[in-house]
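Have a look at the structure below, then the notes.
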Amino acid sequence: MSEENINKNEFPELKNDTFLKACRGEEVPYVPVWIMRQAGRYLPEFKSVRADVDFFSVCRTPELACKVTLQPLDRFPLDAAIIFSDILVVPQAMGIEVQMIPGKGPFFPNPIRTIEDLSRVQFPVDVNKELGYVFDALTLTRKRLEGRVPLIGFTGAPWTLMTYCIEGSGGTTMSNSKSWLYKHPAESHKFLSMLTRVCIDYLLGQIKAGAQALQIFDSWSNELSPAMFKEYCLPYLVQIGKEVKAVHPEIPLICFAKGSNFALEDLSKSGAYDVLGIDWTIEPSVAREMVADRVSLQGNLDPCVLYCGDQVIRDQTQKMLQSFGTTKRLIANLGHGMHPTHPIEGPESYVKAVHELSKQMINK
């Protein structure tokens with residue numbers, strides 16, 4: 001940990017609260033924008049950090065995690081920072097080995113394949129001991145931000161984390177994890193409950209460390225039917241939101257259940273979240289109709305638009321903003337994360353277009 005004083009009571013005053021206002025549904029001078037995976041391999045300065053250090057070492061070294069979190073903010077006028085980490089630090093905290101294979105992604109040498117394997121999972125988890133490095137990174141980053149923009153913390157959702165633990169990697173047919181739900185419903189709920197408890201404790205720890213908003217990533221929820229989502233995703237997502245809100249009602253919570261568009265109405269009525277993220281598979285106008293004014297929406301530009309040059313990006317951004325129907329209760333983002341191959345000019349054009357076009361819409 002740096003010698004720098006990171007006393008949590010001495011955080012600098014926030015200068016740009018546009019993102020937090022949009023989360024709460026308050027009036028804003030323009031639509032705020034941040035981008036999932038805004039710190040990442042598309043940035044040459046990130047590659048230079050990674051040249052000497054493996055992925056999880058960056059996550060586990062607060063000084064490095066802070067450095068890469070701030071990199072995109074030094075390039076683009078983003079309205080929020082998101083701490084550099086990974087959703088798979090939660091399984092690691094539960095004693096499950098996770099490796100990050102260059103060019104391939106996460107790999108679990110010993111996945112949870114049988115109900116007997118559940119006995120290998122460490123539970124309960126002391127999050128301060130196992131994930132304290134994330135908390136240290138948050139506190140350091142919050143101080144080094146100097147109040148420029150709010151700092152977002154995050155976790156993976158229980159179903160998505162369970163999927164990785166059982167499959168052993170991403171990009172599969174999900175046959176192992178989905179069949180678990182059918183073959184072992186009781187054990188599935190047990191595993192999901194364990195993951196949920198760790199996620200809640202982890203998120204509460206992140207708030208204590210300095211996170212000013214939180215996002216829950218359910219990246220694989222789109223693999224489930226509406227009925228299976230209602231049984232194995234929704235209750236745990238709602239539990240996380242409600243338990244965190246019971247302690248910290250002032251902290252905005254964002255839920256991004258990727259591709260589970262059918263769940264938007266239920267999630268918006270749950271009272272567990274302030275913001276729902278959407279991807280590009282739903283028209284913003286349809287999403288807005290489903291959630292009414294109960295929550296704010298976040299999204300939803302197709303990341304592939306960022307390959308296409310300034311004019312296409314601007315045109316598509318305008319279509320997106322117009323489809324949302326109002327600049328209130330809106331946070332601009334992509335429908336998923338940045339790609340490693342994205343040109344730097346892509347996010348630069350997108351952020352500029354969101355700010356300029358939304359100001360024009362508001363000032364009409």
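Cβ coordinates are placed from backbone N, Cα and C, and glycine is handled just like the others.
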Hey, Swiss-Prot has substrate bound by Arg37, Gln38, Ala39, Gly40, Arg41, Phe55, Ser85, Asp86, Tyr164, His336. Any idea which of Ser219, Ser285, Ser296 it lists too?
Ser219
Other Cβ atoms within 10 Å is the metric here; tell me which of the binding-site residues Arg37, Arg41, His336 scores highest.
His336
Kindly assign His336 (substrate binding site) to one of the three DSSP-derived states: helix, strand or coil.
coil
